[in-house]
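Annotated features in TrEMBL:
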BINDING   166, 167, 168, 169, 170, 171, 283, 329  ATP binding site
BINDING   187, 192, 213, 214, 215, 241, 242, 243, 244, 248, 289, 301  AMP binding site
DOMAIN    2-137  domain 'Phosphoribosyltransferase'
REGION    186-215  region 'NMP'
Ligand code: AMP
């Protein structure tokens, strides 16, 4: 753009006027590239403070030099609605300039509502909010050397529901997902669904699950990611039975990060082993689950939990995200305990 303007202006020595604050980096780089003599100055448009008016009245700061007869090139960082540009035109009407040329680094054609001519446009962009390279969001971000688009994804609440097999995670998740409008993902349920439908994933998972062992991390992580992606518009998730290993916890953090989100809490149901064994044997009578029917497999699952999974308490404690709740009592009482934790997040 600098070269193009220099060619078009031939022997004219222009006065480049940057509109502050946003244009300071652009103007700085622009004049460094301008191959011919030029003058450069800045002006600022500021709203009158303390004036209550339906119309936004602007005041001009910094125009001290006589511009009559000069070729003035306005350098804007961005033109969106065109309101600032309208003010610029109003102000320069009385300056008797030879010509008023408008050049802007960024231009949002879908947001522009005026019909002032834009003589030079650097980059046309969609109507999205950008920061950096002089442009701000609430005065922050001007210092960033590159341009970024603001993320506008909604806030999600993501909970890891934790506890040994038989602690009541599934039961509680069913109440909590309704109460907080969250998507419940139980890796155990997804595996069982795949086994029932005899999918390739189900075949792999079955060999581990029947013995009460953990399904390999990569298989589980890929499956979980796919479930999350299926629910792109969710308010948040209750993860039940996941993560069970440090590798899974790392993968989950990365997945949440890619969604501009995070795990807010690990909420753990604490139940003594003997109570768990009793509950699971009881469930085995009706659930049809192979891994609930045999006491030695149940004990193996509890052992897997303590060997591989219980360490995740440390993972989330280190981030101050671990919250334990007594998992013994009536279903309603336990829901109340868990809700008290979630409400404070
Ligand atoms: P659950 O329904 O959570 O008790 O899980 C039943 C079985 O599914 C476990 O014993 C594992 O074999 C398998 N499984 C469920 N979630 C995971 C996971 N996150 N990682 C590895 N294996 C899992």
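Glycine is treated like the rest: Cβ placed from N, Cα and C.
Fair warning: this is a prediction, and the values are worked out from it, not measured in the lab.
Contact annotation for binding-site residues (170, 187, 215, 289) versus ligand 1: 187, 215, each with CB under 6 Å from a ligand atom. Cα separation, residue 329 (ATP binding site) to residue 289 (AMP binding site), rounded: 24 Å. For the pair residue 170 (ATP binding site) and residue 215 (AMP binding site), the Cα-Cα distance reads 19 Å. Residue pair residue 283 (ATP binding site) / residue 187 (AMP binding site) shows a Cα separation of 18 Å. Listed in sequence order, 220, 223, 224, 239, 240, 241, 242, 244 are the same-chain residues six or more apart from residue 187 (AMP binding site) with CB atoms under 8 A from its CB. The Cβ of 244 has fewer other Cβ atoms within 10 Å than any other of the binding-site residues 169, 244.
Of the candidate binding-site residues, 213, 215, 289, the one lying closest to residue 169 (ATP binding site) when CA atoms are compared is 289. If you compare Cα positions, residue 166 (ATP binding site) sits closest to 289 out of the binding-site residues 213, 215, 289. Remark: secondary structure over the domain 'Phosphoribosyltransferase' (2-137) totals 31 helix, 47 strand, 58 coil, with classes taken from DSSP.
Mean pLDDT of the predicted structure over the region 'NMP' (186-215): 95.
Under DSSP, residues within the region 'NMP' (186-215) fall into helix, strand and coil as 20 helix, 1 strand, 9 coil.
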